[in-house]
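Per TrEMBL, the features are as follows:
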| type | residues | note |
| --- | --- | --- |
| TRANSMEM | 6-27 | transmembrane segment |
| TRANSMEM | 34-51 | transmembrane segment |
| TRANSMEM | 63-85 | transmembrane segment |
| TRANSMEM | 97-115 | transmembrane segment |
| TRANSMEM | 127-148 | transmembrane segment |
| TRANSMEM | 155-175 | transmembrane segment |
| TRANSMEM | 181-201 | transmembrane segment |
| DOMAIN | 225-328 | domain 'HTH araC/xylS-type' |
Amino acid sequence: MDFWNILIAVVCGIAICQGLFLCVFIMVKSVKKFTPAIFLGMMLLGLTLRISKSYYYYLFDNVPFWAVMVALAGLWTIGPSFWLYTLSGRPSNLRKADYLHFGPAVLLLLSSFIADPDWQVVPLYKVGALVLAAYVAVSFGLFFYGNWQGNRKRFLLFGGSMAVVALIFIFQAFLATIQGYTVGTVLTLIVLYAINFMLLTDRKLLQTHGKYKKGPTIELDTIYQKITLLMEGERLYRKKGLTLADLAKELDYPVYLVSQAIKEHKGLQFNAFVNGYRVQEVKTQLEDLETNAKIEVIAKAVGFSSTASFYTAFKAQTQHTPQAYRKAYARLQAEKV
């Protein structure tokens, strides 16, 4: 094994360790709340798998072909992961169809189980490098010209890093000699160290949605007006099992902004806010003394998922049980007569 082979094996080994460390670090910080940063962890995992091919090729004589396919799947994971991270910074939520970007990577990973050494995969590495560059370019377009509301400093750190990595991979795939390949790998390692340094010195780079700064008052006012229209006009509160995420999807705004708008205008958590509309409709129906509808039937009709949750919410807002409220209202009306 000559000097360049040894050098590239050592550099790749260090880069793999660095990439895995960053991947695990970000995943642990993000996975509990499934924040956008989790896609960055997936991106770094893909990058680590891609680098592993170079490590095994220059360290061992015989490399299992399935390992080559896994590394190829890693390359095709980097771009979609960064793209989904970018999409998660828009006002609207991710759609299920967005995850189809991982389709090629999944197919390549599955094909590793039936991989044939006669397959020509070099063109896929070349195309994968170009596709990565395209994903990064489109992501920057959305960042600069779309309504992007995520952590801008974090985007620039990882976006700039992936732009450099994409150029390195293109150079390695189309132009590099063994010496050039080594230089490219060293530059990739430097990029990983730069990411590591920035994450350790600036913890805000991994802040979650819950720590985003408060949205502009005018924007929160607009969101709350739309919430009011949905609740009072379309009676969305009647939907059983309605969640904050459901409401955010209807409004096409991030969950954290919808939550902020409700707290800003009503000072309530989401469940208490929705139950307020439900209880108000129940009160209106209870005040109709000519109706004989059962209270439990009314409660289910307005969106309560259980009788227990209805009674708890009703008493919290009126200080009475539904039966006591109806009797008190009937007595008050009789006194007026």
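Placed from the backbone N, Cα and C atoms, the Cβ positions cover glycine too.
For the transmembrane segment (6-27), the residues of the chain that approach it from at least six positions outside its boundaries are 37-38, 40-42, 44-45, 47-48, 51-52, 54-55, 58-59, 178, 181-182, 185-186, 188-189, 192-193, 195-196, 199, 206, judged by C-beta separation under 8 angstroms. Proximity of distant same-chain residues to the transmembrane segment (181-201), defined by a Cβ-Cβ separation under 8 Å and at least 6 residues beyond the stretch ends, is recorded for 4, 7-8, 11-12, 14-15, 18-19, 21-22, 25-26, 47, 51, 54, 157-158, 161, 164-165, 168-169, 171-172. Packing against the transmembrane segment (127-148) from elsewhere in the chain are residues 72, 75-76, 78-80, 82-83, 85-87, 89-91, 155, 159, 162-163, 165-167, 169-170, 172-173: each is 6 or more residues past its ends and has a CB under 8 Å from a CB in it. Below 8 angstroms of C-beta separation, residues 46, 65-70, 72-74, 76-77, 79-81, 83-84, 87, 124 of the same chain, each at least six residues beyond the ends of the transmembrane segment (97-115), sit close to that stretch. If you take every residue in the domain 'HTH araC/xylS-type' (225-328) and average the pLDDT, you get 89.
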